Amino acid sequence: MGPRIFLILALVFSSCMVSYGGNFFQEFDFTWGGNRAKIFNGGQLMSLSLDKVSGSGFQSKKEYLFGRIDMQIKLVAGNSAGTVTTYYLSSQGPTHDEIDFEFLGNVTGEPYILHTNIYAQGKGNKEQQFYLWFDPTKNFHTYSIIWKPQHIIFLVDNTPIRVYKNAESIGVPFPKNQPMRIYSSLWNADDWATRGGLVKTDWSKAPFTAYYRNFNTQTFSSSQFSNEKWQNQELDANGRRRLRWVQRNFMIYNYCTDFKRFPQGFPPECKRF
């Protein structure tokens, strides 16, 4: 199977385990940016580019409900300060759900910041941020989301970096009722992306380009959804060790420890983790 890692997502109303090939022509539509978005190699490689006029983006043709998503991405190389590459699941409307990866660019030699967030019924503010333990511009790396009714797990090269648990029992909304599409975009956010907006995009380095490959989908079966043990299964012992290693060494922001932001007390879900 080599570097190919399966993208598992539950199609709405799916009742059997089915795999879907990762041909970008068949699976995605360009949504903005004109010819700044391109597909190569017979549908096996995609790129998004940003210049001073516009960025670019794509979305999946299908909607999904629950499962696992994987995408291999090679981020903008060199001086990427001011740029943001996004890769996320989202529904639509004012009460939308969303599960985010955002990659905040930086000047040459300084690390990207990986920003994660979760929205439920239109409300987010659940940010955790990380440095990566490798240069994400040199090679392709796999960024994954496992989405089940009881939890969401973010992974990088199959190493878990974040687990967000369903806390509906204490009144916290959780994304579980709205099918979502896969989205990605590359855009200019130099008013906030790098050092809070202090470092601006160097347009002499444009165009900025990110690359995508090895997209696959695999649906969950109805028998899995009826299996309570499967629904609640999170990480094995090695996964828990890797999660602790990442959070101890590479996490740089956690909303659940931001006393200045929440002087009256942390959000209720923070007390569960």
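Along the chain as shown, the residues are counted starting at 1.
From the backbone N, Cα and C atoms, a Cβ is placed for every residue, glycine too.
Note: TrEMBL annotation is automatic and uncurated.
Now, the feature entries from TrEMBL:
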- E98: active site, nucleophile (ACT_SITE)
- E102: active site, proton donor (ACT_SITE)
- 18-212: domain 'GH16' (DOMAIN)
- N106: N-linked glycosylation site (CARBOHYD)
- 1-21: signal peptide (SIGNAL)
Please report the Cα separation of E98 (active site, nucleophile) and N106 (N-linked glycosylation site) in Å, rounded to an integer.
25
As a test of reading the model: what is the averaged pLDDT for the domain 'GH16' (18-212)?
95
Cβ distance under 8 Å to E102 (active site, proton donor), same chain, sequence separation 6 or more: which residues?
V84, T85, T86, Y87, Y88, L114, H115, T116, N117
Those residues of the chain, 6+ apart, with a Cβ under 8 Å from that of the residue listed as 'N-linked glycosylation site':
S80, A81, Y112, I113, T194, V199
